[in-house]
Amino acid sequence: MKSYLSNDTEAKLKKTKDLPPHIHFIGIGGIGMSALAMILAQKGYSISGSDQKKNLTLKKLEENKVHIFPTQVESNIDEILKVHGKNILVVKSSAIHQDNFELCKAKKYNLKIKHRSEILAFLIEQKKSIIVSGSHGKTTTSTYITTLFSYANKSPTAIIGGIVPLYKSNYSCGNSEFLIAEADESDGSLVKFNPNIGLITNLELEHVDHYLDLEDLIETMKQFAQKCECLITNFDCDNLRDNIHGSKWFSIQKIINIDFALIPKESNGCEIIAEYYEKEKFIDVIKIPVPGIHNLSNAAAAIAACRVAGILFKDIKKGIEKLKLPSRRFEFKGLWRNRLIVEDYAHHPSEIDAAISIASTIIETKHKLSKILPRRIVTIFQPHRYSRTKKFQKEFAKSLSKSDLVFITPIYSAGEDKIEGINNKSIGHELKKINPNLEIYTPDNNQNLIKLIKEQTIENDLILIMGAGDINLISENLFLELINNKLISNDIAA
């Protein structure tokens, strides 16, 4: 198969204006911002950043000679100007409010200010790019593409919204001409990109804080589609099939008139056996070593992107057996008191459905994990954003009703103001309407949640912790307790 990547890299480089020698990131600890900062630091730019939350990412940045300010105050900008002068660039994300002290000071001094998407666009223009967008599966799909490229000896630059197991990082500064990145649709900024290959995994209304309705989202995705040299889209998604026609289709349901099909044959909750077809021609039987039908779709998308980029299937197959999910995507954390702890980033009803579906398959197929045979699905869900919770409250309840025991924590606001009557208890109320017999708990804080987990769960439970906020702290606290009590199990799921 010929590559659909054009040979215009040199022309792109000639058109691309360079960035100022020093770049300051407001909120540098975020998953997207930190990846950009690390790439630019390795390219030789002087980098600084501020973040009020301590995490391992900041430590990594400091190890790479990035200066970190632990607060976001006006004096940070003054300090930077003393050292670097006014020829600096300030980078912000959509999460940074207009009244941020550093941002206000940068505006006062008339400094150059750019959105993070403009920095990503700058990097895209310098490479042959594969840009992944869509409502769900962006991080997993871009992780898969990066992994397959790497095992095909293509050494890509990668900017990913999660930790890629191969690199144990959210970025890679490769030495080839390829760049793989996610295009975040949450704020509409993806229309700034001009990808060689664009890929849309699926389309569903999620970010109700930015989009009025599904039609509004579709119009934005159409703009992105028009800017792609070659567009790969998911035939199995009604919203894509009916509204956005790509250059190439992939599917896990259909072979006829499909460019890349990956049809499932067997599944046991940890891997899927599938038949691979190109333009209706059978190519091979392959084993995808990750669970979940949605992850098979992500794998099909990744294979399609690699083939369109010109990578031989025999080279792709070498990497398929090495595929692993990124962090917090049905991630097995280990055993806690003979309960299996799993974390997932699910924060939309469809994502919760997908995560619970994997858990159900594990139980139905009696697949033994970490020396236990899971028998019940216990879900711990942290709603993310008041606006999303209000919009999808009934849908959240319907998805969670497929569990055997449910804990719903207070809403992670992500900077949003509270909405009267919208909280964890209102979801619990909707859940009771669907299943009056379901055991539901709505604790007011993490301390009470941990107490309830100890009291209400039993051995052989599969405890599925879901959410896009800081709910991962729960598993950390549970395992920390084991360490403190010298009861830690070293039997971590592979």
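Cβ coordinates come from backbone N, Cα and C, glycine included.
Since the structure is predicted, the reported quantities are computational estimates derived from the model, not experimental observations.
Quick look at what Swiss-Prot lists:
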type	residues	note
BINDING	Gly134, Ser135, His136, Gly137, Lys138, Thr139, Thr140	ATP binding site
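Projection of Swiss-Prot feature records onto the structure.
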residue : record           : contacts (Cβ under 8 Å, 6+ apart)
Gly134  : ATP binding site : Thr141, Glu185, Leu199, Ile200, Thr201, Asn202, Leu203, Asn234
Ser135  : ATP binding site : Glu185, Thr201, Asn202, Leu203, Glu204, Leu205, Glu206, His348, Ser350
His136  : ATP binding site : Thr201, Asn202, Glu204, Glu206, His294, His348, Ser350, Glu351, Ala354
Gly137  : ATP binding site : Thr201, Asn202, His294, Asn295, Ser297, Asn298, Ala301
Lys138  : ATP binding site : Val132, Gly161, Glu182, Ala183, Asp184, Thr201
Thr139  : ATP binding site : Ile160, Gly161, Gly162, Glu182, Pro326, Arg329, Tyr345
Thr140  : ATP binding site : Gly162, Asn295, Asn298, Leu325, Pro326, Arg329
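Of the chain residues outside the ATP site list Gly134, Ser135, His136, Gly137, Lys138, Thr139, Thr140, Val132, Thr141, Thr201, Asn202, Asn298 have their Cβ within 8 Å of the site's Cβ mean position.
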